[in-house]
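Visitor: The active site annotation in Swiss-Prot covers Lys8, Asp134. Annotation comment: Swiss-Prot describes Pro92, Val93, Ala94, Ala95, Gly96, Met97, Ala98, Gly99, Gly100, Ser101, Thr102 as ATP binding site.
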Amino acid sequence: MKMKAYAKINIALDAIGKREDNYHLLRMIMQTVDLYDVIDIEKSNDSNISISCNKHYVPTDERNLGYKAAVLFRDEFNIKNGVKISIKKNIPVAAGMAGGSTNAAAVLVIMNKLFNVNASLEVLKEIGLKIGADVPYCIEGGTALCEGIGEIITPLKPFENKILVVLKPNFGVSTKEVYTNLDINKIRKHVNIEGLIQAMENDDLDYVSKNMKNVLENVTLKKHTILKNIKEDMRKSGALGAMMSGSGPTVFAFFDDMLTAQRAFEFLKGKYKYSDVYITRTINSNNL
């Protein structure tokens, strides 16, 4: 049984506090984009969970979030069968685009159908939260306000069909390290989430592009100054606005039209030769 597992971007990411367990309390606007991995799962004749992937650098053991999802799902519903999981990876790894989380989400959704468990989305999201804070959102997808550590999800009016260019530099970033180095007291300006939500409801891409904000840029851009150059190059190439997604290092930019986006794509691909560059669009969860 196959399923597309879509990437996400953060149109806004704000940190407003910390829990006792040191997890940051966040307010984020998340958005699904049309860049996806393909997850294919079949039952096996034994009790083993095996993973194969087309990219050699993706772990295929218990470090893989898809593997963790399969283990938790089996435990939760007392399933004895093993599964063979195949991952066709297109989403860049350690990129701030929820590549691992969206794979875990797809594994839970597929296994729910494959074994006729018929668990509700809410139950799947509860299992997903044990794997990672982005997994519940990845199960739901679309345009959403995510609060808490990311698990409190409020669907928003779809902000679909917006053109963007995405650039993932040829290095990864540790999400844990970024959050460890984030000092909430040094955040001088918090994100105007409500203003952004209003603009998105009005389909005002220009306002969204110029006012989107990610407080994690304070940490990641300090360590990787090339990201500032990438953002600047995107703007000079005609972007309405550019920002880092999640903990980085991926940077994305919205464009008014496909021709300008195409030119920016070609320029960025030429300048940042060892980076992954994509043209994609925002999509609604109903497209999943």
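Easy rule for this one: first residue shown is 1, then count along the chain.
Any Cβ shown, glycine's included, is placed from N, Cα and C.
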Visitor: When a 10 Å sphere is centred on the Cβ of Asp134 (active site), how many other Cβ atoms does it contain?
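Guide: Excluding its own Cβ, the number within 10 Å is 30.
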Visitor: Within 8 Å of the Cβ centre of Pro92, Val93, Ala94, Ala95, Gly96, Met97, Ala98, Gly99, Gly100, Ser101, Thr102, which other residues of the chain have their Cβ, at the recorded ATP site?
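Guide: So the extra residues in range turn out to be Ala7, Ile91, Gly246.
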Visitor: Please classify the secondary structure at Gly100 (ATP binding site) using three-state DSSP.
Guide: helix
Visitor: Using a 10 Å cut-off on CB atoms, tell me which of the binding-site residues Pro92, Gly96, Gly100 is the least crowded.
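Guide: Comparing Cβ neighbour counts within 10 Å for the binding-site residues Pro92, Gly96, Gly100 gives Pro92.
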Visitor: Ranked by the number of other Cβ atoms within 10 Å of their own Cβ, which of the binding-site residues Ala94, Ala98 ranks first?
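Guide: Of Ala94, Ala98, the one with the most crowded Cβ is Ala98.
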Visitor: In DSSP terms, helix, strand or coil for Pro92 (ATP binding site)?
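Guide: DSSP assigns Pro92 (ATP binding site) to coil.
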Visitor: Measuring Cα to Cα, tell me the gap between Lys8 (active site) and Gly100 (ATP binding site) in whole angstrom.
Guide: 11
Visitor: List, in sequence order, those binding-site residues among Pro92, Ala94, Gly100 whose Cα sits within 10 Å of the Cα of Asp134 (active site).
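Guide: If one measures from the Cα of Asp134 (active site), the binding-site residues that come within 10 Å are Gly100.
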Visitor: Taking the Cβ of Lys8 (active site) as centre, how many other Cβ atoms lie within 10 Å?
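Guide: So the Cβ neighbour count for Lys8 (active site) comes to 28.
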Visitor: Are there residues of the same chain, six or more positions away from Thr102 (ATP binding site), whose CB falls under 8 angstroms from its CB, and which are they?
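Guide: Non-local contacts for Thr102 (ATP binding site): Ala5, Tyr6, Ala7, Lys8, Tyr36, Asp37, Ile91, Asp134, Cys138.
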